[in-house]
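Database features, via Swiss-Prot:
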type	residues	note
BINDING	His84, His183	heme b b562 binding site
BINDING	His98, His197	heme b b566 binding site
BINDING	His202	ubiquinone binding site
TRANSMEM	34-54	transmembrane segment
TRANSMEM	78-99	transmembrane segment
TRANSMEM	114-134	transmembrane segment
TRANSMEM	179-199	transmembrane segment
TRANSMEM	227-247	transmembrane segment
TRANSMEM	289-309	transmembrane segment
TRANSMEM	321-341	transmembrane segment
TRANSMEM	348-368	transmembrane segment
Amino acid sequence: MAPIIRKSHPLLKIINNSLIDLPSPSNISAWWNFGSLLGICLITQILTGLLLAMHYTADTSLAFSSIAHICRNVQYGWLIRNLHANGASFFFICIYFHIGRGFYYGSYLYKETWNTGIILLLTLMATAFVGYVLPWGQMSFWGATVITNLFSAIPYIGQTLVEWAWGGFSVDNPTLTRFFALHFLLPFLIAGITLIHLTFLHESGSNNPLGIISHCDKIPFHPYFSLKDILGFTLMLIPLLTLTFFSPNLLGDPENFTPANPLVTPPHIKPEWYFLFAYAILRSIPNKLGGVLALAASVLILFLTPLLHKSKQRSMAFRPFSQVLFWLLVANLLILTWVGSQPVEHPFIAIGQMASFTYFLILLVLFPMIGALENKMIY
């Protein structure tokens, strides 16, 4: 019998073992679709970004007008630009759902996979931040100024570090040029880390909603989950295209239609919606260094979740108290997102401080406590 080429060819067998003959748990739900959706988002962003980079000019005097040129004069430039901008939002929607699913079903106990995933999140956040600066509108400029300035809170080397990042004494042409270079580079770094992420995942195999070992009941990835993923792509691309065609600027900031002006500060400086929860945590602490540490902790706290798992059960499927706490955390994050978009005044300051405190309380104290309590109740 002749060898099957997909199983014998050195390159094809890697694809075969990852996407065709991969043994997968038979009961994984739609929550397991977001990994492949993130892959589609990344490919879409790289392709649209490449096309945009062909027409974009990374110079302070030309950047804003080059975006206008793309939207007006380039064939389907408006579509490519809006797909790229809104694709970023969908990227973050998918990654937040993906992390939430990992948190709910205890996937973080695959420590290497989880840790590479957090590194991916941090790289994605960096990519989105430097990308937001490129149109060189008011919010781009002031967002870059405010966020890069946070590094000056680092004792002793802070100010030097900021000026080194800027390439001068303020956000100017060198800053824009290097941000464009970074924005081009980082997505390929994300693609590389994604391969490491998948390598670690395929060492252990996927988790499943019950959080139990599923070696005895595996099914091939193709055709079952390949088809399910295609359905997922369709269900994501429909809202993305709807947003892009009918309301492309819905998630953007009106300030960014004004070219960057270092002499005029916008009334409310705020990042894109997907960073608002972290921005609210940053603002809730009246001390600069404290705020920066809280901002860093809000994401880096994810590294601690495997260490804070005290339950004898992996998944939350049969842990009602932990479920309630999980949805409280989700509601808390939504409140933080809303507060981050509001001006710094009463009552938003107090709400932000309470929500920030609750965020860390739930993750660091209540989850381990409830996990231990459920052990006492069940076992």
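Each position is counted from 1, following the chain as shown.
Each residue, glycine too, has its Cβ placed from N, Cα and C.
A map of Swiss-Prot features onto the structure.
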{"residue": "His84", "record": "heme b b562 binding site", "DSSP (3 states)": "helix"}
{"residue": "His98", "record": "heme b b566 binding site", "DSSP (3 states)": "helix"}
{"residue": "His183", "record": "heme b b562 binding site", "DSSP (3 states)": "helix"}
{"residue": "His197", "record": "heme b b566 binding site", "DSSP (3 states)": "helix"}
{"residue": "His202", "record": "ubiquinone binding site", "DSSP (3 states)": "helix"}
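Here the CA atom of His202 (ubiquinone binding site) lies 17 Å from the CA atom of His98 (heme b b566 binding site).
When Cβ-Cβ distances below 8 Å are used as the criterion, the transmembrane segment (348-368) is approached by residues 280-281, 283-285, 294, 297-298, 301, 304-305, 308-310, 322, 325, 328-329, 332-333, 335-336, 339-340, 342 of the same chain, each at least six residues removed from its ends.
Contact between the transmembrane segment (34-54) and the transmembrane segment (227-247) is present: at least three CB pairs lie under 8 Å, with pairs separated by 6 or more positions in sequence.
In terms of C-beta pairs under 8 Å, the stretch of 78-99, 179-199, 289-309, 321-341 lying closest in packing to the transmembrane segment (114-134) is 179-199. Using the rule of three or more Cβ pairs under 8 Å, pairs at least 6 apart in sequence, the transmembrane segment (227-247) is in contact with the transmembrane segment (78-99). For the transmembrane segment (289-309), the residues of the chain that approach it from at least six positions outside its boundaries are 99, 103, 106, 108-109, 111, 114-115, 118, 121-122, 125, 150-151, 153-155, 277-279, 281-283, 356, 359-360, 363-364, 367-368, 371, judged by C-beta separation under 8 angstroms. Residues 31, 34-35, 37-38, 41-42, 44-45, 48-49, 51-52, 67, 70-72, 117, 120-121, 124, 128, 131, 236, 239-240, 243-244, 248, 251-252, 272-274, 302 of the same chain lie 6 or more positions beyond the ends of the transmembrane segment (78-99) yet place their CB under 8 Å from a CB of it.
Its Cβ taken as reference, His197 (heme b b566 binding site) is surrounded by 21 other Cβ atoms within 10 Å in the chains shown.
Cβ neighbour count for the residue listed as 'ubiquinone binding site' (all protein chains, 10 Å cutoff from its Cβ): 14. Here the Cα atom of His197 (heme b b566 binding site) is found 21 Å from that of His183 (heme b b562 binding site). A simple way to gauge crowding: the CB of His98 (heme b b566 binding site) has 21 other CB atoms within 10 angstroms, across all the protein chains here. The Cβ neighbour count for His84 (heme b b562 binding site), using a 10 Å radius and every protein chain shown, is 20. His202 (ubiquinone binding site) and His84 (heme b b562 binding site) are 30 Å apart (CA-CA, integer value). The 10 Å shell around the Cβ of His183 (heme b b562 binding site) contains 22 further Cβ atoms across the protein chains shown.
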